[in-house]
Each structure stands twice: as structure tokens, then as C-alpha cells.
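Here is the structure we will look at.
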Amino acid sequence: MKIENHKNHHTDLYQDNICVIRRSQTFQMWITLSRPFNRHTDRLHLHLKTAVSNAISRTHVIVPLVEELNGNCWEAAVVEENDKRIKLSVNSPGTAVIGRYRLTVEITCPNGLAIYTFNPSDDIYMLFNPWSKDDSVFLHDEEERQEYVLNDVGRIYCGRVNQIEARTWNYGQFDSGILATCLYILENSKTLCSGWGDPVNMVRIISAMVNSNNECGVLVGKWSGDYKEGTNPTFWNGSVEILQQYYASKGSPVKYGQCWVFGGVTTTVLRCLGIPTRTVTNFNSAHDTDVSLTIDVYVDENMDFITNKNHDSIWNFHVWNDCWMARPDLPPGNGGWQAVDATPQETSNGIYCCGPAPLTAIRNGQVYLKYDCPFVFAEVNGDRILWQRNADGTYSKISIEQKVVGCNISTKAVGSDERNDITHMYKYAEGSEEERIAVETACSYGSKPDTYESPTAKDVTMKVVMEGEGPKLGSDAELIVKFINHSCENRNVSLNSQLAVMYYTGVHKATFQKEKRDLDLPPNKETKVKLALSYHKYKDLLVDQGALMLTLLGRVKETQQVLATQFGFLLRTPDLIIKPIGTPVVGQKMKVEISFINPLPEELKDVVLNVEGIGLLPVQRITYGDICSHGRVTITKDFTPTLTGAKKFVASLHCSQLTQVHGVADIYVEACSSNTQE
């Protein structure tokens, strides 16, 4: 019966030999009794108890035997009899608790009570059901269900708003042992399993448990650059190895993760449990620390930053998740995609978790709706405001940048590896009346409700541009700043610039270049200013993502207009080129060639590669050694495919001087024919 149930319930991809079904859908089971079943004298009930260690937390369901199934409730009916064996059709409601159920059959007959207890290997694993209209995670589009529930490989976007990079991530939600691990995570949360039927509650639990800032979580977050006690976050290619390590260590948190790792693992867990989920990247993602819903920058009378007041930041990118569900706890119209974030940034009701926050509420500035809408709104649509200290210690608002935060919000497209821009789902078009109304509405509920006033006139604009794909790691480059004087008179600008190395979270590491110059801007003309970028000045300061930040602060002498902007960018790294060799057939050895060119004018030390592919080979690490300056290397890797269909061979390279080097190859594996077997 398992095969038939699995096919009907879209659970045939789970690789464990267990019974996996979805709630709110009929499943079949055979029961063998000590004698033939008598419909007239025997009274049969099924007892299903959630198999958790805490007896107080268990859910106990008694399933009655009925003549005819009605649907969307716990019920069972005899549909076939064969001597001592009976076949039952069993229904469950769309609100049933998900998890592992232990089955007991109880029959009351003239001779007394008979109880049949089943082996734990026959336990029933019940999941959410996006295919059922009675389930609050119902998703009507089949292509989207295939993508957001059944696809076990995805794309996670990173980099910078103007240098978007993509890496393949193996979710592996159907791999052997992953479902058991997901239920282990739920049990470790020490929450009552009676609440495990509500997807709103469920995603809050998972959001809290994927990070280890709360007790017993999966991943330790670290952003310092020192990963000697664990694995560099850039080295993971997927979730399976992380979850296996967590389960094998009996719940000891795995070291280390950053936002894309938290997001990837969250997608794995929620898809495994049946909740439609996608991994989302927000470029120029704000971190608002005081619930002002703006990104506040403070300077003194001399335009120098006031370090002890500047706590807000803008990350190069930040990765979280969208989950699909109804929201009966909110006003109508707030169902659908909900933002959920497992990266530990701020607490929610005292716990490091975030969401579910309805995208509709975020788009409209309705930050008073739960959960955590103010924080998510600031991430995607907060204005950056420059405040200057006055002589009396108060602060005046001298600049507002409206189009800095929340750019190119990205997720993998349905059915392809293309990038899908979903910015419009999070906010209206920048600068539109609807978008400004949403910002002002949201900020009116923040800690600085009087932030917005009538804007002042400005006649000089400043914009940083980057030509082509941007600077390459290991080479010198130039950035261009364009000024336009829209007035009919000359304008003189005093411009301060500085270049700094940044962590991808938007946290400053070190400034390596400062410059001050005076500019003469002719009336009604554009003026271009070039800023040089030298490799030897920053090469010893770089951290994981190769992220740099240009900060420009200026003042127009004639009008006292303030010009302020920050421009973040990445230093481009090369890709790994992966070339399959041989015919991909299940059970037959083949190989790939992995090629790489060192872009740096220096030797790379202790180079290690991480390779894997679902259905191709398990995670393996290859210690290569050193690679000379600008050297080219080719590595050959043998493997034997185990599953048919479209697969992806994924590789990453890491050493102390260079990270964020990845590659992927598409491999279509054919079944082994009888002729081939001979």
C-alpha cells in the first residue's frame, strides 16, 4: 500500500522506507486480524498517537469506523475484505497535527476487547497538503507546487544590487533521514505538538529552531571571519550535510551559518514538512535597530560619523524565506506569501525568530499586523536619513535617500534556473504615490512618527555608476561619480569620499582610502569625477564576500544642500568550470573535469574543493594544495550516478585568500538499459 499511497499523496520522492502521507486526503491501509472481521458484531476504532518523547505533549486521535466517508474529518471505512485481512480507507481533516503517528487498532467484540499494536516501522508520517483545498497551505498552481514543495535543488542569490550572483543549493528534503531530522527539530523546540497543525505557528517554530540563539537550534551564526572551530558558511553547498550533522550529534548546533545558509536550511525543513517555501534575497537589505522604520545615520557638526549612535546598517544582501499559507488570524487579503527569517537579528516576543509577515501588509505599510511587519518593512522600504548634530545637542534631518533599500528582491523562477524579481510583491514602484503613502503610513507607527515633512528644493544631483560587470578581484579599477547641476548658476561642491572593506551584513571592517576635493559644476551640465581603486590598498583587508563600500558626503557651498550616498559593490571572483565526461547512466562510472584560474597576483594556499550532487555523489571534500599566481588547474572527479533524471553537479572552492568561487553542471542521467546491463 505504501507505493500507492505515496504516489497519490505526492510523497514518492522520500527515500526512507516509511509511510508518508498528507493530511486532508484519503489513504489506504491493510490490517490483519486473528479472525475474519464481522461488520455486525465487531466495533473497530483506530488510535493514532503522535510519537514524541514527552508524553504530556502527545496528541491522541481516535478514528471511528463509518459506513461511508464524508471527508475533511478523522474517519475510516472498510472497503475490502480478504479472509482475516481488511482494507481501510482513512480520512484526516485539513487541520490535523503533522508529525509521526503510532497506530493501534482496537476492536470490541462479543468475546471482549482485542488490541493490535503495530511495529514502529509501520508508523505513519503525516505532512501538510498543498494539493488539498481544505488545508490552509493549499497552493492552486501545479507548477508552483512542483517548484515550491517538490523541487529539491534551488538557486540562492547573493552579491550586490548591481552584481547579482547565483549559487546552486541542494535542499535535499527527500534524502534519507531528513524527514526524521525535521521532526526531531520540532520535538527539540519543546513546543506542544497540538500546535503543529497550524502553519503560522509551525513557521515561527522553525524560524526559531534553525538558528541556535534559542536553545537546541540547528545552526550557529558567525560573521567575524574566524571559522576555525567549524565550517566557513561559504563552503556549504546544501542543507543535507548540516541536518545530518545536527541529528548525528543529538542536537548539537552546527558551526557555522550566515543568512543564505539559514535560508537554505529553512527551505529544506519547510518543504520537507509540506509547506510551500521559496528562498528570497533582498539586495541592500536594511537592519533597523530602533523601530523607526528608517535607516538613521548620525554625523556631528564637522560631518564626521558619530560612532556610538550609528547602529542601523544596510547589508549588501540578506536572504530569508517566503512561505505560502492562509492567514485566518488577520483581516481578509493577508493570505498568500509570508516573509519568514531564521537569521538571528532581533527578537520577536522574546525569541530570535521573524515572521510570518504578510507581503500584502508590508507592501501597504500596515506594520501593525503580526508578525514582525515593522522589521521586514524597514528591510525592504526604509529610507536612509542623515541627521546632523546641532550646537545644542539636538539633531536636524539634512538628507533623505528614498531609493537605497530593498532592490532587486529575487528568488528562483518556477520551472527554470532564471532569476525572478519579486520586488513588486514587497513594495510599490519606488517614488510612486502609493509607495510614499506606504512609507509614511508605516513610519507613523514607528519610534520617530514625525520624521516626514515637506521636502526642500535641490538643484544638484549625485550618482555613482560602475561600468561593465564591475572590478575584478586582483586588479585596479575606477569608479565614476556623476554630478548634474540643474540650476542656471555655477555650483561649488566640497566632496569627501572614503572607501572601506565591509562585511556583507553592512558592518564596517576597515577604511583603506580617504580623499577630499572641491568641484566646480557648470550650470545645466553633467560633470564626471573618477575615483581610483587600487588592489594593493585593500588586498590584506578583504573578508568573505569581497565587499567594498564607497561613502560620499558633500555640501553645495552656495545653497548648503547636502549630498550624501553610499555605494556598495563586490569584487568579482572567477567561476569553477565543470565539464561532464562520459554518458550519464545509473550505475555506470563517469567523471567531470573541474577547471579554475587563480585571478590573484599571488599564490593561493591550502585550496580545498567541496563537491556534491543529489543522485550523483554524496558530499566530498578534495584537498588540492597550493595554486600559483594566475595559475590554471584542472581536477578530475569520478563518480557513479544513482538516480535518473535532471541532476546538478555542484562544486565550491575555498582558501584563506579567496572564497565565493562556485560552479555547477547540468547532468541528465539515463536509466540503465538491459543491453547496457549485459
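Including glycine, each Cβ sits where the backbone N, Cα and C put it.
Under the heading active site, TrEMBL lists Cys259, His318, Asp341. The Ca(2+) binding site annotation in TrEMBL covers Asn381, Asp383, Glu430, Glu435. The domain 'Transglutaminase-like' annotation in TrEMBL covers 251-344.
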Environment of Asn381, Asp383, Glu430, Glu435, the listed Ca(2+) site - residues of the same chain whose CB lies within 8 A of the CB centroid:
Gly382, Gln402, Lys403, Val405, Gly406, Lys427, Tyr428, Gly431, Arg436, Ala438, Val439
Over the domain 'Transglutaminase-like' (251-344), what does the predicted model average in pLDDT?
94
Given the active-site residues Cys259, His318, Asp341, which one's Cα is the least distant from that of Asp383 (Ca(2+) binding site)?
His318
Minimum Cα separation from Cys259 (active site), reported as the residue among recorded positions His318, Asp341, Asn381, Glu430, Glu435 that achieves it:
His318
Fill in the CA-CA distance, Glu435 (Ca(2+) binding site) to Asp341 (active site), as an integer in Å.
23
Of all the binding-site residues given, Asp383, Glu430, Glu435, which has the fewest Cβ neighbours within 10 Å once its own Cβ is left out?
Glu430
Which of the recorded positions Asp341, Asn381, Glu430 has its Cα nearest to the Cα of His318 (active site)?
Asp341
What whole-number Å value do you get for the CA-CA distance of Glu430 (Ca(2+) binding site) and Asp341 (active site)?
24
Integer Å distance between the CA atoms belonging to Asp341 (active site) and Asn381 (Ca(2+) binding site):
17
